[in-house]
Amino acid sequence: MTTNTEKYILALDLGTTGNRAILFNSQGASVAQAYKELSQYYPHPGWLEHNAEEIWEDTYAMIKDVFRDTGVSSSNVEAIGLTVQRETCLLWDKTTGKPLHKAIVWQDRRTASLCQELAAKGEAEKIKTRTGLVLDAYFSATKLSWLLDWVKEEKPNLDLKNVLAGTIDTWVLWKLTGGKVHATDHSNASRTMLMNIESLNWDQELLDLFQIPREMMPQIQPSFSIFGKSEPDLLGGSIPIAAVLGDQQAALFAHGCNFPGMSKCTYGTGSFLIANTGNHVTKSQNQLLSTIAWTQLVKGKLQATYALEGAMFTTGACIQWLRDGIKLIDSVAETENLALQVEDTNGVYFVPALSGLGAPHWDMDARGAILGITGGVQRENIIRAVLESIAFQVKEVVDAVNKDSGIPMSHLKVDGGVSQNNFLMQYQANLLGIPVERPAFIDATAQGAAFAAGLTIGLWNNYQKLLSNNKVGQVFEPNKNATKVQESFVVWQKAVSRAKNWIN
């Protein structure tokens, strides 16, 4: 029997609708992967929860599956890169290792009223100045506050000194290291609405505002650093966890967007357009978020790379709703052909505000809507309208980025599961009037985490050489339909105005 001497990097990509483990070889190529769909819990309208135990159990099972399928052991794996859905958070008991409540997901709207109370007290501007974020239920702070109130009421005898808080990266790190490491990185911490974007530390005034004890919060580390090692008994050996990133930041890194002005858009559960703004915070005048792309130690000094982001909450989620909610389709993949069976939407416009509206509207009270229905409208028209709405949202954010930067975007790099829809990508190119570039390997999130971990550990020492292995899969150029598509955008904006402020 021959011994496998190849060296690998393991990427863990823990998303909103599913979790994935991908093994990359020493050339930076994907050689194996495992995937598990994640259960979604909707206890009340506008609420969404995940079972953190399921996330951990799936993570562990996927690692085992990848090792079994490839014959690779922990001794072959140089490092683990971890990337996660952001903002989703939980509390757990460090004594038992059990979550105290299901994790509250980033799409969850239960704390909208708390945000409105804080806005009425004039706290929104302070929060934006300190964190770069708008005051919204999207971020972790109000979710952690709600969870703490629930624990105090439902478990009054629990000693809060035993309670730990964290986003999904923190939870999985804690489990991977056998409870030895309670940490996060700056890219994930910057999405909690509790980290000061200038000092790069927890902001005590904001912790006090949301009544969250600092000792519950994880230590913040550079994104590209050694967070600890996996517990030997778990994986048959200790593997360094050498990078932790938010999912959108990991995708930005995979695309090679390491210079100011470079950007990408991920089409996943939501759509997220991020533009690198360099080593200084750029404040948006157009309702974009100022956030951390990643951090690293350079000659012993902490260096932050900042970004502007437009977060759109509902992309794959509205296609999933077509399948699971109203059962108009049997599979996500068939939406492309169904949309192409009709010339247009027959006057139908869809507003994808199933979890409110994100950038650039930031309307927690908006709700989804289908407008323009007449007797001649068919299933295919509605499906096409849903896909078109995804492109319309992205155009709003691209327009905002262009205004903030003063430099029109020349092309758009894309990734994520929904970017496989050729109809949508062509429609997006027509709408923006610029080429849309999709890589051959679309799991950019996992790839970015792998690249970061391999560079941190020294398996690779040339980022640009790694990127040169990335092949362009397809470029969608604007075609003769561009003018008609852009006219539809104006009508869609009218539909959005009808759906805004719906429940207030």
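From the backbone N, Cα and C atoms, a Cβ is placed for every residue, glycine too.
Under DSSP, GLY316 (ADP binding site) is assigned to a helix (H, G or I) in the three-state scheme. Taken from Swiss-Prot, the feature ADP binding site covers THR16, ARG20, THR269, GLY316, GLY417, ASN421, and the record attributes it to sequence analysis.
The annotation sn-glycerol 3-phosphate binding site is assigned in Swiss-Prot to THR16, ARG86, GLU87, TYR138, ASP247. Annotation note: TYR138 (sn-glycerol 3-phosphate binding site) sits in a coil segment as assigned by DSSP. In this view, TYR138 (sn-glycerol 3-phosphate binding site) is surrounded by 29 other Cβ atoms within 10 Å of its Cβ, with every protein chain counted.
Taken from Swiss-Prot, the feature ATP binding site applies to THR16, THR17, THR269, GLY316, GLN320, GLY417, supported by sequence analysis. Cβ neighbours within 10 Å of GLY417 (ADP binding site), excluding its own Cβ and spanning all shown chains: 19.
The glycerol binding site annotation in Swiss-Prot covers ARG86, GLU87, TYR138, ASP247, GLN248 and rests on sequence analysis. Sequence-distant neighbours of ARG86 (sn-glycerol 3-phosphate binding site): residues of the same chain at least 6 apart with a C-beta under 8 Å from its C-beta are TRP106, THR167, SER187, ASN188, ARG191, GLY246, ASP247, GLN248.
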Integer Å distance between the CA atoms belonging to THR17 (ATP binding site) and ASN421 (ADP binding site): 18
Inter-residue Cα distance where the pair is TYR138 (sn-glycerol 3-phosphate binding site) and GLY417 (ADP binding site), in Å: 22
Close binding-site residues near GLN320 (ATP binding site), where close means Cα within 10 Å, chosen from THR16, GLU87, TYR138, THR269: THR269
Between THR17 (ATP binding site) and TYR138 (sn-glycerol 3-phosphate binding site), the C-alpha gap once rounded to whole angstrom: 17
Cβ-based isolation winner (fewest other Cβ atoms within 10 Å) among the binding-site residues GLU87, ASP247: GLU87
Three-state secondary structure, GLU87 (sn-glycerol 3-phosphate binding site) (per DSSP): coil
Additional residues around ATP, ordered along the sequence, whose Cβ is within 8 Å of the centroid of THR16, THR17, THR269, GLY316, GLN320, GLY417: GLY15, GLY18, GLY268, THR315, ALA317, ILE319, VAL418
Additional residues surrounding glycerol, by Cβ distance to the ARG86, GLU87, TYR138, ASP247, GLN248 centre under 8 Å: GLN85, THR88, TRP106, ARG191, GLY246, PHE272, ALA311
